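Annotated features in Swiss-Prot:
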BINDING   7, 10, 33, 37  Zn(2+) binding site
ZN_FING   7-37  zinc finger
């Protein structure tokens, strides 16, 4: 059975056998569809609701 995931930052679908998984020290698993999403969340600490290219932006606006 193939499991599909959603990106933890932008909310986009991640096709099977792609994407990156990040495990925090507390055991939380974060899935990212691209290096861009990973950097924006972990390195730059951006809010996904303020970026136009994320799905959470369209839900808020």
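Using N, Cα and C of the backbone, Cβ positions are placed for all residues, glycine too.
Cβ-based crowding with a 10 Å cutoff singles out 37 as the top-ranked of the binding-site residues 7, 10, 33, 37. A Cβ within 8 Å of the Cβ centre of 7, 10, 33, 37, the residues given for Zn(2+), is found for these other residues of the same chain: 8, 9, 11, 12, 14, 19, 31, 32, 34, 36, 54. Per-residue pLDDT, averaged across the zinc finger (7-37), gives 97.
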